[in-house]
């Protein structure tokens, strides 16, 4: 091992690594953290009970909890009503859709759960680590809300069983004697009062200790299994001996059981005809000659068996649905009814009426919560001995079992919810053997247990989300008692659960939690599909029976069921998830979990970069992709932070931004400085709100480093097309000579590379992002055509709030023979077609246009430089400029050509009468001395500066064409002097040099 001694400090030995991985502990949320905190405390208690490792297997840890959650309140209280209303065929479609959705989701969940260790956190952990913190947080909150409202639904089911089927006398708001809406309101008020009491008691039990909930869970589960067995025993018994369970029918209308004592109008008693309670309900007296309800007189009373048996043909009779409006009579199919359509309906309180408007989508929304609970096993992932083995087997087995069970009770085809036609008994309880009370008490304890489980699981889910820190305002709910119990999360859960209790209607709460569960299941399927399609190297699930097509089918089913159940609830649920997603995106903590969304981003980025390689962008799509060259001091801090402020203000084009700098040295010795400089750039970019990338290179000298950035910045087709570099303000001082030479080299390199160049002068005076100009002008001096950069940049600046209230002015220079008025009209038309609002002014510089051509055409062919010929009169009239240029030439170290004096040139020019634009002047230009050309340029720069200063002295910003540098490096210092003179007296100047292509167009 001596060969690897130097790596021992940073890289562990394989033996110790394997030991750590093999002893991995996925303890429940809070337990491990609490144990570690106790170990770190000073003066800790001498004896502490060690936290036991998870020991639950597939049966106790996954299968039975899923069974308990799926066999819940909807199965016992609404299943038979759903079959009676929707029919055998309709209910089969509902059950098939819901069970298919949960099975496909379980397959996707199994693949995710077996792709690595699943710590405590269950479904939230799987979704967040697969889709990222934004999706994970949004879906986690939705799953939390669904679990919380599920607790409210179970509590409401518990109270409904208690007040209607067990102890009706316990109702605080008496229902007896009330009918219609009054009875419904009284029932809801009872549900609210008792629901609040039960919720408080359950929350207290959970607060005292979850161990009591776990102990009671086995008892409640035993009640559920016993109830299911009793129902199956009853089904077998009905095939042999159908039970005597009469239902009274008048015509074809079902009568309330409390409306009669005997299912007959009259009876023979001691050879005497006596009227019954039913007669007295529809007639005005007990006499046989009494006046009775017309429908009562015209129809006979029939007694039928409520449970006719498997062989009775009831399945064929109830094959199709019978959806009812609220208040409609519950009618028996196949029986005749004599109804006078013109007679008024009376005595409606004697019949069983539909108390809710039923339709197919309502049944889907009410039934779907009965198949939820498939996450019960994965939510206990921290308690499982081998989560990767137990979750797939236990969940799929539980769904298979429950789907088989719920497919059989369709022989029960009652269409009343509260047993009004069967003496107020629980409908499914009438089938149970040996006694209906088995189902009544079994369903009661089942709902109690499911409610406790929801109040136990929801706070832990919220605590896991809060401890991840992705939602800042939820962090307080990550704290709890000393043993890790989520006290604050439990308080919030109970408060939200109370909202469901106040709604009070089981049929109204069920669609709400259906939305949240369906959204959670949809994103589980999406996570599996994305991971499969992206083929990330880490996607290696042990569960092999999955496919991306199955996941997409499951996702489509979930989305369809959301809108089938309730389109407005679906929109609200999606709105909540979207708001949470955006909140996490903008305000949440940044987490890198290797999620699938990041994989999609990488794939999309690769695809987009490959598309960009196909060719250069069209002029309409051109936008400044800026490479900002900054310098750093000895502490690696940026010396020109306002460069990034200006960059941020130019980002209305939403192009690429790269902030680059170079560090002098070697990669081996100066890597630490590079990291520090990169952090400094990133911090400044975040402060200035610049969206982009930072890049730091190390080079033996700063000149080469800057050249590397210009050459290699960007990737593929996403490269910079514009370079921004600050003006070297101290360039005249000898110690900064190399700085200005580096600057000129950047100008040359951008010109060769056909890159646009932006040079802000006096960058320290530029406004920060927090400043606002309430008035003022942005002046553009358009001297030579640069592809439209001078037009585009002010437009982009004015999109930012700093420059928004500034107006734009464009100045251009007219030639001697030009019509200034016509030029102005043409320019206004041009701006109109460009959709740019700006004032226009044409400036006439008579006698100086040739100098402008000279000043702004340094890279043009030599024949164009005839305009730079200096006449005798100009040489004599500007001795100051001549002496200035002469001094610069003679003191330049790199100059090898002795400079000529103006007197010598004057003598040489005697007798010359040709103008500067004649061919003779062009030929004579070849024999001119460089300083004569420079004097002409200097004179033009001074004259142009006078005009610019006069017109734009008070402008907030002046944009000006930047002349190109000389090809001969001997004239570098003169070039800097030209630019200094050209911009003298102006506060903020942005020198602009185009990249050689059109960047703005009049076409749409």
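Just so it is clear, glycine is given a Cβ too, placed from its N, Cα and C backbone atoms.
In TrEMBL, the transmembrane segment annotation falls on 545-570 of the listed ranges 259-284, 285-310, 311-336, 545-570. Per TrEMBL, the range carrying the annotation transmembrane segment out of 152-173, 460-481 is 152-173.
Between the transmembrane segment (124-145) and the transmembrane segment (391-411), the number of CB pairs under 8 angstroms, six or more residues apart, is fewer than three, so the stretches are not in contact. Shown for the domain 'SLC12A transporter C-terminal' (936-1004): DSSP residue counts in helix, strand and coil, namely 31 helix, 10 strand, 28 coil. Here the transmembrane segment (431-452) lies next to the transmembrane segment (152-173) in space: the count of CB pairs under 8 Å, restricted to residues six or more apart, reaches at least 3. In this chain, the transmembrane segment (56-77) does not touch the transmembrane segment (545-570); fewer than three CB pairs sit within less than 8 A of each other, excluding pairs fewer than 6 residues apart.
For the transmembrane segment (488-506), the partner stretch with the most Cβ pairs below 8 Å, chosen from 152-173, 193-210, 512-533, is 152-173.
Across the residues of the domain 'SLC12A transporter C-terminal' (773-839), the predicted structure has a mean pLDDT of 87. Contacts between the transmembrane segment (351-370) and the transmembrane segment (512-533): present, as 3 or more C-beta pairs lie under 8 angstroms, all at sequence separation of six or more. Outside the transmembrane segment (89-112), and at least 6 residues removed from its termini, the chain residues within Cβ reach (under 8 Å) are 82-83, 123, 126, 130, 319-321, 360, 363-364, 367-368, 370-372, 374-375, 378, 391-392, 395-396, 399-400, 402-403, 406-407, 410, 518, 521, 524-525, 527-529, 531-532, 541, 543, 545-546, 550-551, 553-554, 557-558, 561.
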